[in-house]
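Enquirer: Quick paste from Swiss-Prot:
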BINDING   Cys62, Cys65, Cys87, Cys90  Zn(2+) binding site
Amino acid sequence: MLRRDKKRESRIARERVFYLIKRAEEWKNIDYELARRYVELARKIAMRYRVRIPRELKATYCKKCLYPYKAGKFRVRVRKSRVIITCLNCGFERRIPIRPKRVNRKV
């Protein structure tokens with residue numbers, strides 16, 4: 001019985017997740033349902049192989065309905081300590097905290 005090469009599996013899974021989300025970005029203006037399916041598959045692969053999806057890629061689709069954000073389909077509001085992205089498809093609000101820049105002071 002062969003042993004699983006987990007590093008290789010996770011590398012392939014990470015590449016596949018990046019590819020699927022990139023394809024979703026390309027297809028979101030053409031076939032919205034297909035773009036949503038690509039995001040769904042990317043999330044399933046990431047969960048199956050326990051691969052993290054980077055924050056920059058997570059911010060490109062709705063967490064609830066998995067539709068990629070498209071012009072006119074989401075609203076962005078900036079508050080003091082956070083950015084609020086509202087999906088106009090399902091109404092889900094994603095709140096992204098903004099951390100103030102730290103000033104390094106030498107005493």
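Here the Cβ of each residue, glycine as well, is placed from N, Cα and C on the backbone.
Predicted, not measured: the structure shown is a model, and the values here were computed from it.
Describe the structural context of these features.
Expert: When other Cβ atoms within 10 Å of the Cβ of Cys65 (Zn(2+) binding site) are tallied across all protein chains shown, the result is 13. In the three-state DSSP reading, Cys65 (Zn(2+) binding site) counts as coil.
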Enquirer: Quick check on the binding-site residues: of Cys62, Cys87, Cys90, whose CB has the lowest count of neighbouring CB atoms inside 10 Å?
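Expert: Cys90, out of the binding-site residues Cys62, Cys87, Cys90, has the fewest neighbouring Cβ atoms within 10 Å.
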